[in-house]
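Q: Taken from Swiss-Prot, the feature active site, proton acceptor applies to SER474, supported by sequence analysis. Positions annotated as [2Fe-2S] cluster binding site by Swiss-Prot: CYS54, CYS127, CYS199. According to Swiss-Prot, the Mg(2+) binding site annotation covers ASP86, ASP128, LYS129, GLU448, on the basis of sequence analysis. According to Swiss-Prot, the feature N6-carboxylysine maps to LYS129, an assignment based on sequence analysis.
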Amino acid sequence: MRAQPDLKPRSRDVTDGLERAAARGMLRAVGMTDADWEKPQIGVASSWNEITPCNLSLDRLAQAAKEGVHAAGGYPLEFATISVSDGISMGHEGMHFSLISREVIADSVETVFMAERFDGAVLLAGCDKSEPGMLMAAARLDLAAVFLYAGSTLPGKLGDRDINIVDAFEAVGGCLRGLVSREEVDAIERNFCPVEGACAGMFTANTMASAAEALGMSLPGSASPPAPDRRRDGFARASGEAVVNLLRRGITARDIMTREAFENAIAVVMALGGSTNAVLHLLAIAREANVDLAIDDFNRIGDRVPHLADVKPFGRYVMSDVDRVGGVPVVMKALLDAGLLHGDCLTVTGKTVAENLADITPPDPDGKVIHALTQPIHRTGGLAILRGSLAPDGAVVKTAGLESTFFEGTARVFDGEEAAMRAVPELRPGDVVVIRYEGPKGGPGMREMLAVTGAIKGAGLGKDVLLVTDGRFSGGTTGFCVAHVAPEAVDGGPIAFVRDGDRIRLDAQARTLDLLVDADELAKRRADWQPPPPRYTTGVAAKYVKLVGSASEGAICR
């Protein structure tokens, strides 16, 4: 915090003095008057679009956020940034650009704030990469900032059955194997997404919204209400008020996003059994906040934080059920009471985590959606970092979805997702599907493999086939699936030298992933290896390849 904070630490550059007559004239044309020049200017950045249901609520929420800014004595100015729909981009060339969009969002928001000299930020997002992109921008800018999630959709209904987007991907695999009819696939397609909002389960969007709340960058309780729920409008207004109050107190994003706050976010992700993408994104956000966070910190925290949430893709419930029993604060209170959270971390309310939880008095875990710490689903957290001869720099597995922690099988190697998808009807129990050249550089963009993993599970092979990739998985992925293998294939990591018939061993309990080929043979293969030519030689993807680093460090651009 800073003594006697200036409410207009940056916007005076465009409002004060004779030299700024032209700037003031432009601002008058968008509605500002003489009475507004002394008000802090708050940028309201939104990833609203009509491309995907994930973002549809943001237009409404941005209006409410602006009302809150006005009510608190600030002046809001709204602008939009891009967003990519992972659900629509899955399984084809478009997915190369999903992770790239995270960097574009962070860069574009930073660019507008730096150019227009806004004093504070309300950041609204609904999709998997727009959430971390916004938080990365907040960390870079280090202004007073509040993040608000668009909210999730409600589960669809097919007869008496609740369905979601993962059911659609799995139905495709079942259809390819003759286990599900084309008519059943069509019925799921028409019913799984009934209203606006992000995917309903504890997939990447809901995981990152929960992480943002635990990090202290969102208002308590704001992650879980569904997108159509009008409580979100109240959270939006309160977010607008909160950012002005942060300015008054001189609290900026990096005052909130400390190492201890990131440890809180990791703890909540572990307790929820959240998406493997949280590893990638939290590492990237921490880097922008100048926080020293490493991939092995996830195991350190996961060792002591139990898995508590029985949520999809591996469990029975969705985010609206989490909301029904009290939301993310229920998990945070349980962890705080057990000494597993840092209660003294500052948040966007201007209060600490412990003070927030005392104010709202969340209920105890209900025992079904959220288990008590004394009766966890798993004794340790829902994610694990693996190392071994196949992943010297690390890999990630969602242990929350594993019925067994050990698998050894025979490699079936595919250079790219499409070849693996074509082979799904031919897979057999005991196969280890290796999909390579899908890393941050090699893909580029670390494509998510939900089309393949969903097809494998839908084909009835989810417990009998291991999938290993230097790409990523959707938050909707569950089962024997290992991602973020590093070093990636295009950098000459061991995954580049795997051949059909090699034996691969996963031991999630020991946290190892090994290629059972002797060192001399691997050395011969390495000597004969040449990386493939780049997929893109122009445009944003070509630029991204030149800048992006390893998944083990968050796939950040340097």
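Glycine too: its Cβ is placed from the backbone N, Cα and C atoms.
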Q: Sorry to bug you, but what's the C-alpha spacing from CYS54 ([2Fe-2S] cluster binding site) to LYS129 (Mg(2+) binding site), rounded to the closest Å?
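A: Between the Cα atoms of LYS129 (Mg(2+) binding site) and CYS54 ([2Fe-2S] cluster binding site), the distance comes to 11 Å.
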Q: Among the binding-site residues CYS54, CYS127, CYS199, report those whose Cα falls within 10 Å of that of GLU448 (Mg(2+) binding site); none is a fine answer.
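A: Cα filter at 10 Å returns nothing.
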Q: Near SER474 (active site, proton acceptor), which of the binding-site residues CYS54, ASP86, CYS127, CYS199 can be found within 10 Å, Cα to Cα?
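A: Qualifying among CYS54, ASP86, CYS127, CYS199: ASP86.
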Q: If you skip the near sequence neighbours and keep only those at least six away, which residues in the chain come within under 8 angstroms of CYS199 ([2Fe-2S] cluster binding site), Cβ to Cβ?
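A: In sequence order, the residues whose Cβ lies under 8 Å from that of CYS199 ([2Fe-2S] cluster binding site) (at least 6 apart) are CYS54, GLY87, SER152, THR153, ASN164, ILE165, VAL166, ALA205, ASN206, GLY475, GLY476.
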Q: In sequence order, what residues of the same chain, 6+ apart, have a Cβ less than 8 Å from the Cβ of ASP128 (Mg(2+) binding site)?
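A: Spatial neighbours, sequence-distant, of ASP128 (Mg(2+) binding site): ASP86, SER98, ALA198, PHE203, THR204, ALA205, MET208, ASN277, GLY475.
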Q: Under a three-state reduction of DSSP output, how is ASP86 (Mg(2+) binding site) classified: helix, strand, or coil?
A: helix
Q: Count the other Cβ atoms sitting within 10 Å of the Cβ of GLU448 (Mg(2+) binding site), across every protein chain shown.
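A: There are 31 of them.
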Q: Can you list the residues of the same chain, besides CYS54, CYS127, CYS199, whose Cβ falls within 8 Å of the [2Fe-2S] cluster site's Cβ centroid?
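A: Checked against the 8 Å cutoff, the neighbours are THR52, PRO53, ASN55, SER85, ASP86, GLY87, GLY126, ASP128, ALA150, GLY197, ALA198, ALA205.
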Q: How many other Cβ atoms sit within 10 Å of the Cβ of CYS54 ([2Fe-2S] cluster binding site)?
A: 32
